[in-house]
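K.L.:
According to TrEMBL, the record shows the following:
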type	residues	note
BINDING	12-17, 117-118, 142-148, 167-171, 236-239, Ala293	GTP binding site
BINDING	Ser16, Thr148	Mg(2+) binding site
Amino acid sequence: MRVCSAFSGTGESGKSTFIKQMRIIHGSGYTLEDRRGFTKLVYQNIIISMQAMIRALNTFSIPLESQNIFYAEMLNELDVGKVSALQPKHLDAIRHLWKDQGIRQCYERRREYHLSDSTKYYLSSLDRIGSPSYIPTQQDILRVRVPTTGIIEYPFDLDNIIFRMVDVGGQRSERRKWIHCFEKVTSVIFLVALSEYDQVLVESHTENRMQESKALFRTILTSSWFQESSVILFLNKTDLLAEKIAYSHLADYFPDYTGPKKDAESAKYFILKMFLEQNVNKEKRLYSHFTCATDTENIRFVFAAVKDTLLKQNLKEFNLA
């Protein structure tokens, strides 16, 4: 039996991370050679984050400590695409800047510009990552950010059933390439980053990311291409929501929220309700799960439930249930 699932969601909702988890849990995983292949990407992710925070200093008119201006200029001159190693002088610059109060202020204001969710994870592991013998761990690989362009397929065999996962670009420029490509898709797995409620789009700094996610979700639900497909909603990044809700209030961005402040559970269920309300066709099969795509055990548990849902649905379609 073959089951085809298409992944959808806006940029950075966690689609590619989920695909990596499928490879770890149900596929061949990552060999030592595979892991080595991610080393350069980890270094590049770190430089991209540092350059984004340095640019934010200018945007917000935040001064650097005078002794760190030289380090900022050094990192800003790097061509990210050519970075294949972190030299000792670059590591030294990153360490000094990460301790700088100006850079820390820019990090705290990250919702106002585009900064990778993995920034703190990598910068807090700089001694390990900067070691000459560094080989990326599974968690390092899960957190690497490489924007998806076009359509990427990942087939894997689970209990003699071939699952075909299709990951599609989430940025606006990518969507027109794929939405018509999915006739006869068994299910659409739509990912929403719970933590994006206070963030702006990469493409437009005046538009809220979660509003964009809601609009895309509604498009999927009403699209003629997906009328026969079930829809599985993953409300992802529960860990980042729990961290962020302590200081960034949901009601400031979604005034309809009347629940308590600093309450991740109330926030989660409010966001779930907002997305479920996009389903105007009450006969449409819609399932939802809260997820943390960087947590392998969480994804193992959630995908077991998803697998059962998809199999039951397929058996019904073939009149075998």
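Cβ coordinates are placed from backbone N, Cα and C, and glycine is handled just like the others.
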K.L.:
Counting Cβ atoms within 10 Å across all protein chains shown, which of the binding-site residues Leu142, Val146, Ala293 comes out on top?
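P.N.:
Result for the most crowded candidate: Ala293.
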K.L.:
Out of Ser16, Asn236, which has the highest number of nearby Cβ atoms, where nearby means within 10 Å of its Cβ, if these are the binding-site residues?
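P.N.:
Its Cβ has the most other Cβ atoms within 10 Å: Asn236.
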K.L.:
Relative to the Cβ position of Glu12 (GTP binding site), how many further Cβ atoms are located within 10 Å?
P.N.:
25
K.L.:
Under DSSP, is Val146 (GTP binding site) part of a helix or a strand, or is it coil?
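P.N.:
In three-state terms, Val146 (GTP binding site) counts as coil.
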